[in-house]
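Taken straight from TrEMBL:
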- 20-43: transmembrane segment (TRANSMEM)
- 55-76: transmembrane segment (TRANSMEM)
- 96-118: transmembrane segment (TRANSMEM)
- 138-158: transmembrane segment (TRANSMEM)
- 170-190: transmembrane segment (TRANSMEM)
- 219-259: region 'Disordered' (REGION)
- 234-243: compositional bias 'Low complexity' (COMPBIAS)
- 249-259: compositional bias 'Gly residues' (COMPBIAS)
Amino acid sequence: MADFSSVINAVPPVTRTLLISTAAVTFPCLLGIVSPASVALIWPRILRRYEVWRPLTSFFFGGSGFPLLYDFFLIYRNSSAMEKDVYLNNTAEYAWLHLMLGLFILTFNSLIGLPFLFRPLLHAQTYIWCRANPTLKVSIFGLLTIPTSLYPPALILLDLLTGGPMKAMGGILGLLSGHLWWFISTYLPLHAPTHLRRPNPLAPPLRFRQLFRRNTPDRSAGFGAYRPESRTTAAAANDPAAAVRHRWGGGQRLGGSSL
């Protein structure tokens, strides 16, 4: 029991919350204890019967079968890596990222009406991971190796082939939400032409940061912590760990050795 507890505690807090929430919503549905319809996003039930849990639970019903196991693994593997290596264990910023992604997905989904938003969130998370690791290559089922820039659309194509247009639409929602976050929080403040650059309006509010004071290190994290290669190289002379900490292109392939 102690070993199991240590394994759980070794997972970063936001990723651990995502995994536990997915298990808590999905497994009772698979066991027949709860109907998937009771956790789906159905706005008339929310507005008329005040079933206010639905906007939250709709993000954590992951389906069934092998796709569920694989998606569960992806969350564990890739979200852990992003929380540790990109967001540098900054719980406040990584939690805020997911809150904003959820808000974007809900907004876009108001035009489509998908009942479950697990895959859009997974696609959004994957898109941001790919943005943070632009030099990596991803192996799809061990048959095809592609750069991470092509991985999000490749996942959408796979969704189209395996689940039809509505499943692919969920992937598109996630891609749009992830890109919107990246564009506003990273591109405009850091990479846009100088006259177009703006402060990041999506930074976590101070009060939100204070909720995670114990788990939030006193250093910048996320895409705002990116350094140009020249600065990273120069810093490595004085701080060897700095080169490793920001050398995201040298990590593992997304999802392990194959998909």
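Glycine too: its Cβ is placed from the backbone N, Cα and C atoms.
Where the transmembrane segment (96-118) meets the stretches 20-43, 55-76, 138-158, 170-190, the count of C-beta pairs under 8 angstroms peaks at 170-190. 138-158 is the stretch from 20-43, 55-76, 138-158 with the greatest number of Cβ pairs below 8 Å to the transmembrane segment (170-190).
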